[in-house]
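Peer 1: Not my notes, these are from TrEMBL:
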- 29-311: domain 'ABC transmembrane type-1' (DOMAIN)
- 65-82: transmembrane segment (TRANSMEM)
- 144-164: transmembrane segment (TRANSMEM)
- 170-190: transmembrane segment (TRANSMEM)
- 276-296: transmembrane segment (TRANSMEM)
- 346-580: domain 'ABC transporter' (DOMAIN)
Amino acid sequence: MSEEVRAMPRVNGLAAALRMLAPRWPMLLLATAAIVVFTAASLARPLAIQHALDEGVAKGDRAELVQACLAFGALLLLVYVFQGLSTWIVNRVGQDFLYDLRMRLFEHYQRMSLAFFGRENAGRLVARMTSDVTTVNDVLNNGFLVVVQSLLTLAGATVILLTLSVRLSLAVALILPPLIVATAIFRVYSNRAYNRVRERIADVMVHMQETFSGLRVVQAFAREQKNRERFGEINERNFEANVSTVKLSSLYFPFVEWLRGAAIGLILYFGGRQVAGDAVTVGTVAAFVFYLEFIFQPIQNLSQVFDMVQSANAALGKIFGVLAVEPDVPEPERPARVQPPLEGRIALEGVTFGYDPDRPVLREIDLVIEPGQHVMLVGPTGAGKSTLAKLITRMYDPTAGTVRIGGYDLRTLRLADLRRTVTMVPQEGFLFTGTIRENILFGKPGASDAEVRAACERLGIDGFIRSLPNGYETLVSFRGSRLSAGEKQLVSIARAFLADPPVLVLDEATSSLDPHTEEQVEQALRTLLEGRTSVVIAHRLSTAEHADRVLVVDGGRIVEDGRHDELVRRGGYFAALYRQWVAGRAAKTA
Ligand SMILES: Nc1ncnc2c1ncn2[C@@H]1O[C@H](COP(=O)(O)OP(=O)(O)OP(=O)(O)O)[C@@H](O)[C@H]1O
């Protein structure tokens, strides 16, 4: 199967979440007990009203009235305290769960290989952390509480109503079928409508983002009008999706209100007749009116939670699906016992590799690079140079064959041991938000300030760093946007130098620098490479002259291998490339 279409594993999200929540059962039990107390207190309130009306008001007994009012006040207090307590516990458990989930996702992402990030859309991976977690958050905050409370309320209210008056209860039961049917229909349609709204909003965002990032092209080709028309269509679909939800709401909610009114009418009519016949009291009729709320609200709440649980189940399925993806470059089960750093000898034995295993990018490569050797990789674009570098740094494992460093198959080395031995310096000096010193320390977190300074002095970049506004403490924002490309390279060279690995793999920068910075970068690179095995993906041939060995990669094979001058004499691909480069250089200086 090709890498791009590999699907995420399917996981039952709710079951996985329940397994994660299982150790927190004592807290959830406590929350359930609190919900039982406040729901019972809540259900008892209309009984206090009934008592106040029948025993206090109707009989003119002040003491009974005061007693009933005090009881009512006590019930209110109970509801207040225990509702607060249960809300706090449930939310606390929910937030703990979400915290763990985010940490697990983040740690998992960090363990994943480049292959994973190559085939997965970054936006989707971030969505697992953000919108999916938020969906789960909603259900955790409200779902559990609402389900337990609604079920208890419905059951409690039914028992109380039947005890108070079976005949009046039957009158209330008349409105249940239309309420349940209307709610079920509303949920089905509103679910669809809200899904459409979410999709349409996503379309609006995608179009806006595309327009903003491509604004220069839009303006250069004067496509504003056309673009506006396209946005107009997308916006209209968004509008229609929203309007359809409004239509549904304007049908459903007034209907429920009408049903509520009809139910009160029925209670008054049948209740009133029974009061006249002395079968029930005025207080009972009033209590029935109050209890209506205890029937209507839970039915509506439960239907809403049912939707939320469904969405959360889908979100959890996606989250646990990502978590179930095994890393492509796993840690070895029984790692080789080594003392890093290893000897800088690289050996590839019959290495074949394809991002899609059916379409090899590198074919049967045999290669030995001796410790301390400086090797340059050259070749046409798409030849497989970067891929070769990625296999040496174990960003990917070969489809067939073995890559060794210091005699060890990379798959048998603990990743931490391997990273102490091989460091990759990418094309673009990547800086994290923080100070220059922190960015350099990334190479060796425990290093002292003096070590950092000494490393920069050796590389000849101490002067440049001290000339920055705050020297080593100068803040750089994400990706080092305040520094030039060359300056970022200097910082990333210092980072690699401090890490001090025996093997360096370097993707030479393609961006052209001003002559002074270029000289500084070249000087720093020479110092960095000294005494280490190095594999440099060359984009400029000026550095090739300093290499011990040049490898020409073409069509996934090494087609030329030798010293710079040998290859020039041999008259193959490299010689032609070199002649072209010399002629270009001569033309520039002429
Ligand atoms: N992540 C990836 N997924 C699928 N195919 C890839 C991936 N990266 C590279 N390729 C393909 O592998 C082949 C070799 O690419 P590679 O980047 O190794 O070439 P290169 O010699 O380094 O080229 P360049 O000089 O342009 O960087 C190309 O055909 C490329 O399209």
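All positions are counted from 1 along the displayed chain.
Cβ coordinates are placed from backbone N, Cα and C, and glycine is handled just like the others.
For each listed feature, how buried is it and what is near it?
Peer 2: Sequence-remote contacts of a segment are chain residues at least 6 beyond its ends whose Cβ falls under 8 Å from one of its Cβ atoms, and for the transmembrane segment (65-82) they are 34-35, 37-38, 41-42, 44-45, 48-49, 51-52, 55-57.
Remote same-chain partners of the transmembrane segment (170-190), defined as residues 6 or more beyond its termini with a Cβ less than 8 Å from a stretch Cβ, comprise 161, 245, 248-249, 251-252, 255-256, 259, 262-263, 266-267, 269-271, 288, 291-292, 295-296, 299-300, 303-304, 306-307.
Under 8 Å from some Cβ of the transmembrane segment (276-296) lie the Cβ atoms of residues 42-43, 45-47, 49-55, 58, 153-154, 156-158, 160-161, 164-165, 167-168, 172, 176, 179, 256, 259-260, 263-264, 267-268, all in the same chain and six or more residues away from its ends.
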Peer 1: When you scan the chain for residues with a C-beta under 8 Å from the transmembrane segment (144-164), skipping those not six or more beyond its ends, what do you find?
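Peer 2: Hits for the transmembrane segment (144-164): 28, 31-32, 35-36, 38-40, 42-43, 46-47, 50, 86-87, 90, 94, 172, 280, 284, 287-288, 291, 294-295, 297-299, 301-302, 304-305.
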Peer 1: Mind looking up the mean pLDDT for the domain 'ABC transporter' (346-580) in the predicted model?
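Peer 2: Value for the domain 'ABC transporter' (346-580), mean pLDDT as a whole number: 89.
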